[in-house]
């Protein structure tokens, strides 16, 4: 299979008052990406961070900022996030069935990597047109919890979606987000996920670098077996 493993600590679980040093700490511990949860208080009930925070963080790091937009109007965020220095822009399929082509086009034109996310209740078939279209997304994010809050329990039944995607798209970046840690990574990795978002399991660990390393080796070992 051989799609590179990418471990993305979720900055939602970090100390927001020390975002720059938390980012630096995660990169030193071996993180590939930094996962930024952008919520509008509408698509999901929580309100987190937006373009100004991304812009502030960008001044302190060259890391890949993997932005997951849990927002009702993702088109409105393309310009501000690209100016702020976002690297990846993942929008939700549930709010973009009508305009995803325009959205992907704009994201790419701003030099960001387009991705599409889906909630646990959304059928996997809904993302096929976005992966197979003329101007496709480059990543699919399978939510393994209901989006909106950190610290929820991993939903193993979502692994069927990951497995289906991996069989259909061998070289696609497939990301999982929600409840990932040492006890759940093997299920996700063996299903075919290669991008792993981990929040409390990394930030709450006494040795975060060991957790990041374990997540990565689980993905790599699963790939060797497949």
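Using the three backbone atoms N, Cα and C, a Cβ is placed for every residue, glycine included.
For 10, 68, 148, 149, 150, 151, 179, 199, 200, the entry in TrEMBL reads substrate binding site. The Cβ of residue 68 (divalent metal cation binding site) lies under 8 Å from the Cβ of 35, 36, 37, 38, 90, 117, 141, 177, 197, each of these being in the same chain and 6 or more residues away along the sequence.
Here TrEMBL flags 35, 37, 68, 177 as divalent metal cation binding site.
The active site, proton acceptor annotation in TrEMBL covers 37.
Counting every protein chain shown, 26 other Cβ atoms lie within 10 Å of the Cβ of residue 177 (divalent metal cation binding site). If you look up TrEMBL, you'll see 177 marked as active site, proton donor.
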Listed in sequence order, the residues of the same chain lying six or more positions from residue 179 (substrate binding site) whose CB sits under 8 Å from its CB are 144, 145, 152, 153, 154, 155
Non-local Cβ contacts of residue 148 (substrate binding site) (under 8 Å, 6 or more apart, same chain)?
39, 44, 45, 46, 70
Of 10, 35, 37, 150, 200, which of the binding-site residues has the most Cβ neighbours inside 10 Å?
35
